[in-house]
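Peer 1: From Swiss-Prot, for reference:
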COILED    14-81  coiled coil
TRANSMEM  82-99  transmembrane segment
Amino acid sequence: MTRTRTVKKEKISVASEIDRVEERKLQCKNSLERAEFRKRKQQLSDDDRLALEDEMTILNERVEKYEKDLQVLRGENRRNMMLSVALLAISALFYYTFIY
């Protein structure tokens with residue numbers, strides 16, 4: 001299962017991966033906001049409050065993880081863009097040197 005999963009990940013573009021991670025981060029932030037709203041507005045027992053705080057801690061950790069993933073993906077996307085620009089410049093140089 002791990003092998004097929006890595007093969008599938010290799011076929012996904014960096015931009016679509018960024019979109020997917022941003023969507024997951026947004027879902028976590030929305031869940032976190034709902035949990036914070038529930039904590040403020042409802043009278044919760046100690047057990048419910050602790051469970052809600054644990055859930056909020058987990059959601060905060062996920063948001064931080066997604067932010068780190070986004071930072072890595074954006075760096076990879078930037079590197080790919082620079083590589084594309086360099087290849088375009090080299091192609092243009094060869095075209096104007098040998099053909100034009």
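Here, residue 1 is simply the first one shown, and the rest follow in order.
Glycine too: its Cβ is placed from the backbone N, Cα and C atoms.
Where in this structure would I find these features, and how exposed are they?
Peer 2: Taking the coiled coil (14-81) as a whole, pLDDT averages 94 in the prediction.
Only residues 6 or more beyond the boundaries of the transmembrane segment (82-99), in the same chain, are considered here, and none has a CB under 8 A from a CB of the stretch.
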